[in-house]
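Annotated features, as they stand in TrEMBL:
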SIGNAL    1-26  signal peptide
CARBOHYD  N83  N-linked glycosylation site
DOMAIN    87-140  domain 'Potassium channel'
TRANSMEM  92-110  transmembrane segment
TRANSMEM  122-140  transmembrane segment
TRANSMEM  171-192  transmembrane segment
DOMAIN    181-258  domain 'Potassium channel'
TRANSMEM  199-219  transmembrane segment
TRANSMEM  231-253  transmembrane segment
Amino acid sequence: MGALRPWARFPLLVVAHLLALGIGAAVFQALEGPPARQLQAKLRAELATFQAEYGACLPPGALEELLGTALAAQVHGVSSLGNGSEAGNWDLPSALLFTASLLTTTGYGYMAPLSAGGKAFCVVYAALGLPASLALLAALRRGLLPLLSRPGAWVAGQWQLAPARAALLQAAGWGLLVAATFVLLPALVLWGLQGDRSLLEAVYFCFGSLSTIGLGDLLPGRGRGLHPVLYHLGQLALLGYLLLGLLAMLLAVETFSELPQVRAMVKFFGSSGLLTAEDQGGILGQDELALSTLPPSAAAPEQAPTC
């Protein structure tokens, strides 16, 4: 691949990406197609049974109209099912969670503006709030990333590791820490609080939230008949989890993106395949690691006596 011209590398990357999309679609089709057809057949059987028992009491098309209205309301987060813990979707805790999911681009999809004014404000709010959120995250990243590199520099100095290996070790350590603190631990708590969810579903929800996928098919506490106070406390906890977790995920992604191997790959598919000294460096500075790995006698050489 090193013999490829720079203009031929980017199309190769695009083709590989399209191939990955096709493989992913084929896998999802094979995994999700049969369960979806089974659920559709079950729903049709339930509707046929209901119409056979109560069809004589309902006008033609009344059931379909009622179900269509209920489904259309459900899209906007409005439902008449359950108890009062989910009755007010636009109270303050719910609105705070909605704005947080909007500004973090999570977008669970279980709530959506109904009015024209709400939709217009959502567009303006997101257009102004998203750049502000990105600027805040960039400022926090710039301030926290040097602090997070200090343990890696200390370990590299103690073990006398090469810069590339020290950067890889720090990225792996930070990735494991984020996965354990913001994915596995919250998933265990969610799994313990909601007995109707499996551990896999809890991990699926946590990862979907922090990766800003936010499919919205799983939401903590919905449909469980929780007390309104507990339900709103859970919403506020989810708000804090989103803000802190996304910051941790951003730092983890930034740490991995600064690996020499990753930067070399990006440089290879860029306009030129030549690697600069900056690309060969890692998260930890070359000079910092070089000084930390030298013995004390070599770290501060003695100056020659002056005449």
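Just so you know, glycine gets a Cβ as well, placed from its N, Cα and C.
Curation does not apply to TrEMBL; its annotations are automatic.
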Beyond the flanks of the transmembrane segment (171-192) by 6 or more, those residues with Cβ under 8 Å of it: 148, 151-152, 198-199, 202-203, 205-207, 210, 220, 241, 244-245, 248-249, 251-252, 255-256, 258-259, 283
Residues of the parent chain within Cβ reach of the transmembrane segment (231-253), under 8 Å, 6 or more residues beyond its termini: 85-86, 91, 93-94, 96-97, 100-101, 104, 106, 137, 140-141, 144-145, 148, 171, 174-175, 178, 181-182, 186, 206, 209-212, 220-221
Chain residues outside the transmembrane segment (122-140) and at least six past its termini with a C-beta under 8 angstroms from it: 99, 102-105, 113, 246-247, 250
Counts by DSSP class (helix H/G/I, strand E/B, coil) across the domain 'Potassium channel' (87-140): 37 helix, 0 strand, 17 coil
Mean of pLDDT values spanning the domain 'Potassium channel' (87-140): 81
